[in-house]
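**Student:** Next up is a structure, given as structure tokens.
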Ligand code: NDP
């Protein structure tokens with residue numbers, strides 16, 4: 001694709017080169033409307049259909065208990081029955097750990113419910129930046145407004161938690177000390193909210209893209225944009241629950257180390273920094289979330305809800321749990337290794353942050369809703385001044401500038417590298433902290449396949465042209 005002198009160029013559905021102003025509003029064409037209508041109907045089962053999703057709904061909690069037991073009680077090593085005769089005693093031992101150390105205690109209910117109540121209250125009362133979402137086909141291309149106040153809520157949460165800890169009202173070390181109990185409560189919330197919102201959406205007549213199979217529809221969800229007053233529940237839950245807990249687990253681990261040894265290891269400090277960067281990225285760039293596919297396409301079902309309420313918070317930071325319960329000598333590195341680890345994290349974070357904002361802001365520029373928001377930190381190259389793009393016959397545009405020149409999912413690659421550093425931080429001490437990295441690459445490859453399938457239907461020949469212009473999925477020259 002050639003570019004014009006000012007860097008603006010586009011290729012329309014017929015392959016003609018066009019010059020366009022990025023701020024010009026494209027409208028969805030008649031052809032685009034027909035495709036959108038098709039994409040808003042259930043056509044095929046994903047995730048292995050009803051049996052596949054049922055297996056995941058049963059299997060995820062079991063896997064989470066198993067990994068936690070190995071980490072907490074078996075020195076971070078994966079344990080198995082040693083013989084056929086050992087299967088029964090092995091299962092009995094496993095169950096005893098769940099029953100005795102992970103029962104949903106009243107205290108854990110109080111803590112978890114307290115967090116939900118605090119985050120909901122803050123979401124309602126703290127003023128936010130108003131961002132217009134993308135036109136929603138199922139609402140006749142109406143746009144929804146998003147009250148982006150996650151950053152204010154985050155700073156308020158920091159102040160409140162520091163005060164609670166300082167005045168011994170709620171010690172932050174309690175989070176990691178009650179890991180098993182909190183995880184069980186989080187799972188109960190995950191199931192209750194999934195089923196509750198499913199029935200509510202069906203009752204309100206807000207269900208879309210339904211298959212008619214109960215298990216599958218609970219897993220995929222019924223409503224696309226569930227709201228409680230000014231709060232968009234899907235966006236609220238994506239930022240305010242999982243990443244807040246993940247960050248506080250790291251802080252809790254750091255407090256525990258400090259109380260025990262009088263210092264915090266560079267490894268634990270790394271996890272505090274890594275989880276902070278992720279949480280802060282979601283909060284300071286919240287206005288970029290309405291343009292993501294989780295917001296405009298995925299419904300609010302078990303897959304998203306359970307993972308937000310329980311999966312992310314209680315499987316992504318196993319390294320913190322390991323470090324909080326093991327002697328620092330087990331995961332001590334040389335100075336160059338620490339430098340390499342921190343440098344990898346910061347580089348991956350930079351690409352993740354700027355690639356996400358480049359694409360989201362490009363969509364806002366196209367829609368005419370882009371305003372520069374002053375939150376910290378705003379990194380260089382987060383906005384592309386004169387983006388190149390492919391104008392599709394659907395009406396939408398596909399960005400081909402910035403990080404999006406090199407791959408069709410640069411954000412996934414960078415995000416995955418971050419997840420891998422969250423395991424590398426314990427070196428070879430335990431395999432369990434690598435769960436996030438292994439699980440996440442599986443999710444991203446599968447998600448990428450689902451997304452590209454949808455885009456191929458949505459954009460037809462323009463998608464093929466885009467794939468010719470941007471050849472690689474994750475890593476230029478490799479994949
Ligand atoms: P995606 O890349 O998944 O967004 C895909 C959508 O963006 C496509 O359906 C298409 O939608 C649009 N799109 C794709 N390519 C282009 C392009 N070149 N120009 C313009 N639009 C394009 O990312 P999201 O935006 O949904 O962001 C998700 C982020 O969240 C990722 O970084 C991911 O790593 C992270 N994530 C993290 C998880 C975790 O557990 N840590 C879990 C899941 C996601 P359309 O054209 O229809 O507008």
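A Cβ is built for glycine as well, from the same backbone N, Cα and C atoms used for every other residue.
Curation does not apply to TrEMBL; its annotations are automatic.
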**Student:** Transmembrane segment per TrEMBL: which of the ranges 233-252, 333-352, 353-372 is that?
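**Tutor:** It is 333-352 that TrEMBL describes as transmembrane segment.
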**Student:** Between 179-201, 202-224, which stretch does TrEMBL give the note transmembrane segment?
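**Tutor:** In TrEMBL, residues 179-201 carry the label transmembrane segment.
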**Student:** Transmembrane segment per TrEMBL: which of the ranges 51-74, 75-98, 387-410 is that?
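**Tutor:** My reading of TrEMBL: the transmembrane segment range is 51-74.
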**Student:** Can you say which of 261-279, 280-298 is given as transmembrane segment in TrEMBL?
**Tutor:** 261-279
**Student:** With pairs fewer than 6 apart in sequence excluded, do the transmembrane segment (146-167) and the transmembrane segment (333-352) have three or more C-beta pairs that lie under 8 Å?
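**Tutor:** Counting Cβ pairs under 8 Å (6 or more apart in sequence), the transmembrane segment (333-352) does not reach the transmembrane segment (146-167), since there are fewer than 3.
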**Student:** Mind checking which residues reach the transmembrane segment (51-74)? Cβ under 8 Å, same chain, six or more beyond either end.
**Tutor:** 45, 94, 97-98, 101-102, 179-180, 183, 187, 215-216, 218-220, 302-303, 306, 310-311, 314-315, 318, 321-322, 325, 430, 432, 435
**Student:** When only pairs 6 or more apart in sequence are counted, do the transmembrane segment (261-279) and the transmembrane segment (179-201) reach 3 or more Cβ pairs under 8 Å?
**Tutor:** no
**Student:** Taking a Cβ cut-off under 8 Å, which residues six or more beyond the ends of the transmembrane segment (179-201) line up next to it in the same chain?
**Tutor:** 61, 64-65, 68, 72, 97-98, 101-105, 107-109, 111-112, 116, 207, 217-218, 221-223, 226, 233, 245, 249, 300-302, 305-311, 313-314, 321
**Student:** Looking only at residues six or more beyond either end of the transmembrane segment (107-126), which have a C-beta under 8 A from one in the stretch?
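**Tutor:** Answer is 147, 149, 152-153, 156-157, 160, 170, 174-175, 178, 181-182, 184-186, 189, 228-231, 236, 240-241, 244-245.
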